[in-house]
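Chemist: Pasting a structure below so you can have a look.
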Amino acid sequence: MQGCQGCHLITTRVVCPSRAPAALACGLSCPQIVMYIGQVSKDILKWPRPLSPPVVKLEMRTNAEYGMPSTHAMAATAISFSFFIATMNQYKLGLAAAFVFSTLVCLSRLYTGMHTVLDVIGGALISAALLVLLYPAWDTIDHLLLTSPFCPLFSIVVPLVLCYNYPKLDYYSPTRGDTTTILGAAAGATVGFWLNNQYAASAHTGTSVQPGLPLTTSTMVFVLARFFTGILVVLLTRWLMKSVVLGVLGYRYKFPMGDLQARRRLEVEVPYKFVTYSCVGFTATVLVPLLHQLLGLM
């Protein structure tokens, strides 16, 4: 999940009803802020992950990262509860679903041996505290994200500057790349929401599957068609942009596309991941709804 949290932020837009752009804007902006703070906190605190042995680690990709706080716990808490708060008048079981989802993610980090109990609790509490602090400003944030003419510039420039100025470590860690992925996807999706609102895109005015509809075969086919269509377009966008951006950067800095060490350099990793996933976020919020409308999946 860690390397694809940016995709999780915008995948909701692919499968969710399209009639609540403001709620989804909140659901993107708050986890974006929470995740950046969590990722930076790891590299500032530099608390090690649980030792193995005695812990049996089932995941090795993020083993090079520090442990405190658990950004999985932070992401699960931020995403689930921000969407619950933003849509509490639409879904009766939203609180229970948010609690179950965040709890399962937290427990999974303990089960895989990647975090201590303190890491997980700390991450969840930090995320909850940030949500409480941000909640009074949600209406203001929504209004600015959807109406301000400076939103696209702000949404791209600020995250990009933060990524380039990410804390430096003595060795390579995937935290900078993961953070760039998260901020890039959220930036692209935010610009997409702004564009939809500016031009009153039909993606937000058409009908959609309403909460509470009986789970019939036709409804399931509709939802699955919508889901797989959206995911396919998102994956194609990711593949295309990854190839194009890496090709351009490889030509600029004289390295082959398969050179992993070169792709870890600051001047390569940040633009490569930010551009790729900002395009993914934009595709999920603008192009996918348009395709859904064209195919009659709204």
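We count from 1, first residue shown onward.
Just so you know, glycine gets a Cβ as well, placed from its N, Cα and C.
These numbers come from a predicted model, not from an experiment.
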Chemist: What range among 34-51, 178-195 does TrEMBL describe as transmembrane segment?
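Modeler: The listed stretch tagged transmembrane segment in TrEMBL is 178-195.
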Chemist: When the pLDDT values for the domain 'Phosphatidic acid phosphatase type 2/haloperoxidase' (19-135) are averaged, what is the result?
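Modeler: PLDDT averaged over the stretch: 77.
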Chemist: So which of 66-87, 118-138, 178-195 has the most C-beta pairs under 8 Å when paired with the transmembrane segment (144-166)?
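Modeler: Selected stretch: 178-195, with the most Cβ pairs under 8 Å.
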